[in-house]
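Below you'll find the structure, written out as structure tokens, and then a few comments.
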Amino acid sequence: FSFRKLWAFTGPGFLMSIAYLDPGNIESDLQSGAVAGFKLLWVLMLATTIGLLLQRLAARLGVVTGLHLAEVCHRQYQKVPRIILWLMVELAIIGSDMQEVIGSAIAINLLSVGRIPLWGGVIITIADTFVFLFLDKYGLRKLEAFFGFLITIMALTFGYEYITVKPDQEKLLKGLFIPYCQNCGTSQLEQAVGIVGAVIMPHNMYLHSALVKSRQVNRANKKEVREANKYFFIESCIALFVSFIINIFVVTVFAEAFFEKTNADVNSVCTNASSPHSSLFPNNNQTLEVDIYKGGVVLGCYFGPAALYIWAIGILAAGQSSTMTGTYSGQFVMEGFLNLRWSRFARVLLTRSIAITPTLLVAIFQDVEHLTGMNDFLNVLMSLQLPFALIPVLTFTSLPSVMNDFANGL
């Protein structure tokens, strides 16, 4: 084992792990905590572990074949199934990107104290395209360093909320290691399914299989291939462990502070804190429902304005980083499935526009306070698209004709 070699292979796994920290994941986390307390932490851990195993297979495919998943699909499938598969993956990317862009727009709205409307925040996030192109011009390592910086911001901001709220550590450990959900009903089951859909992103397997190609590996040398697979797997473990800890921060903050709270409870605290958002929570005994926007508001009511703004900064970092990895995924998928050889600017502009257009329409016609239903729908969409990524990656990594001596026996 060599730390120097690990450092040389470090980068693709952290870019891949961004998908485990996008605003859709954060919203799933906070709703899980508010609805089920600490009881679904084991589902989060299980989903992350399964995600790691799938990401490992995707990375192995890229390392061994020198082709990413979309390129292998282009070679192995006939035209009709290939086009259907491409459309399904594009649908998943658009759905994921809508969550990410709206998450960024909500963060901008919170940071501007409502002065910048949701549609204004969406337009601002279009600048991601130009930031992406600017950084990409200076090489992938610079881009990887930038994503590392954004992950650090998320760890610090959500870690601050965790330290402020001080969740019960005994309940945390019990929720992680006891796969049971006492007194749970339909809403808790929905959250459990939502966690799986939010954590395991279909297009992320296409992305990871492409990113590992950025490292030079002599594929004629089996020892080098094995070494690359080993270091990419170690890096993926570290990256997903970091993302898992950040997700735990969010779940446990809302589990500790807002589990079984009613609208009346929050309304009373927000009114006493002179919050301008008290009207968000009607004075009734219905169980509190939170999303990214309301989550920031209730944190501000209970723990002061600093908690609200730090939360918004974390969401903004999550949204900005994940929109750029979504753009990268769209680029690789379109290039692989359709064998297009466009300029990078044209590809990025097209994939970005495909996701921005429906998001902008939603932002114009939908109030910032009523977006929970749409995010839940998009998480379901992710779950439905999952087989269209799982079947190819599981199939190809088990075929000796594709993987040679590195075929997955299981």
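Cβ atoms here come from the backbone N, Cα and C positions, even for glycine.
If you check TrEMBL, you get these features:
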type	residues	note
TRANSMEM	31-54	transmembrane segment
TRANSMEM	84-110	transmembrane segment
TRANSMEM	116-134	transmembrane segment
TRANSMEM	146-163	transmembrane segment
TRANSMEM	192-211	transmembrane segment
TRANSMEM	232-255	transmembrane segment
TRANSMEM	297-318	transmembrane segment
TRANSMEM	345-365	transmembrane segment
TRANSMEM	377-396	transmembrane segment
Comparing 31-54, 84-110, 146-163, 192-211, 232-255 for Cβ pairs under 8 Å with the transmembrane segment (377-396), the winner is 192-211
Taking the transmembrane segment (297-318) as reference, the highest number of CB pairs under 8 angstroms among 84-110, 146-163, 192-211, 232-255 goes to 146-163
Of the listed stretches 84-110, 146-163, 192-211, 232-255, the one with the highest count of C-beta pairs below 8 angstroms to the transmembrane segment (31-54) is 232-255
Sequence-distant contacts of the transmembrane segment (192-211), meaning Cβ under 8 Å and at least 6 residues beyond its ends, amount to 11-13, 15-16, 19-20, 22, 24-25, 27-29, 31-32, 36, 40, 43-44, 47-48, 50-51, 54-55, 57-59, 61-62, 67-70, 88-89, 92-93, 96, 181, 236, 247, 325-326, 328-330, 332-333, 336, 376, 379-383, 385-386, 388-390, 393
Tertiary contacts of the transmembrane segment (84-110), defined by C-beta under 8 angstroms and 6+ residue spacing from its ends, are 19, 22-24, 26-27, 70, 73, 77, 116-122, 124-125, 201-203, 206, 292-293, 296-297, 308-309, 311-313, 315-316, 318-320, 322-323, 326-327, 329-330, 333-334, 337-338, 351, 354-356, 358-359, 362-363, 368, 371, 374-375, 378, 381-382, 385, 388-389, 392
Same-chain residues at least 6 beyond the ends of the transmembrane segment (146-163) with a Cβ under 8 Å from one of its Cβ atoms are 14-15, 17-18, 21, 135, 242-243, 245-246, 249-250, 252-253, 299, 303, 307, 310-311, 313-314, 317-318, 320-321, 324-325
